[in-house]
């Protein structure tokens, strides 16, 4: 019998690279939208692992998919293909515009592949001078050196030496700035169809349409980073489907695996031809375990009743936040769509989003922040009404403790 080593939060500071600052409690069990720590304390989960746990913790369809595949085949590499990867790729083409799929292990890797494809396509078709990538301030696209540079937040990208070049950042939702800058040198515009880390900022209908039209005018590719917005999060399987425009390349991850690491880049057959054998790859991309779980997730999330349920739950959250605001006058506005929501703090509470997060944790509720002024909610897409009501009761107590 194996004797497990006793683990406490202090061990983190002894053995881990200090680029995270985790909570003091250590979760050991999860079920639905509840988790329990080492001491048996229960928490309602409104964070969902930062928009990852789309079916909650330990959902039966995911557990069954993982355990069944674990008894068959774990890994091959891409010297061979495998059945779960092919089935998942087929499903992703059925629920999106895409005709071709590249599998990776994370959102950052999916975005890296998207950017490399955009540059490769432009160089092949128009020449090496067509290399500019336009992205938006306060965007977030991952932590590789390329993707963190394209993300428009200097706090994440500064301090690592010379950055990859030919990347321009413009204000989000600013049509005039984009019109003034985009040119025939632009190979791609990369954007989140709803900015997540930047504060849950939705695009205006006019802006999203203008981006598509300007990309077409200048033969630039439109790349949508749907790492956070995808897989049912906004009430559509992918957010672009509710915006009236279609990207040329789309990245997806986070809730694609429901908690099992996987990412994917989706694109057209025409563009995919430019990543020939050997031009890109991933040892773990398309891993049978990851793809088996993701296939189960996509099947469950793409059901009409699941997507409709997201819209219903959005209303429950908005009603709960409105009641709290009526009581405490804390929020300036509620932003977002589906179950990617941000409660922007008003002037009186400015800069206190983390205070709310910490207070909520003490009451047994997990929430997120999106900058210093926005409390972010990205719960399971199938969270129950009872769990939501319990969570808001805890959030009420948390805010009361701060007044």
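Placed from the backbone N, Cα and C atoms, the Cβ positions cover glycine too.
Feature list (source: Swiss-Prot):
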- 107, 108, 140, 225, 226, 227, 228, 283: pyridoxal 5'-phosphate binding site (BINDING)
- 143, 282: N(2)-acetyl-L-ornithine binding site (BINDING)
- 254: N6-(pyridoxal phosphate)lysine (MOD_RES)
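Shown are the binding-site residues 225, 226; of these, the residue with the fewest other Cβ atoms within 10 Å is 226. Non-local neighbourhood of residue 108 (pyridoxal 5'-phosphate binding site): 141, 142, 143, 144, 147, 263, each in the same chain, at least six residues away, with C-beta under 8 Å from its C-beta. Put simply, residue 282 (N(2)-acetyl-L-ornithine binding site) is 13 Å from residue 107 (pyridoxal 5'-phosphate binding site) when counted between their Cα atoms. Figure note: comparing Cβ neighbours within 10 Å for the recorded positions 143, 254, the maximum is reached by 254.
Among the listed binding-site residues, namely 228, 282, 283, the Cβ with the most fellow Cβ atoms inside 10 Å is that of 228. Taking the C-alpha positions, the distance from residue 282 (N(2)-acetyl-L-ornithine binding site) to the residue listed as 'N6-(pyridoxal phosphate)lysine' comes to 18 Å. Secondary structure at residue 226 (pyridoxal 5'-phosphate binding site), taken from DSSP and collapsed to helix, strand or coil, is coil. Note: the CA-CA distance between residue 228 (pyridoxal 5'-phosphate binding site) and residue 254 (N6-(pyridoxal phosphate)lysine) rounds to 6 Å.
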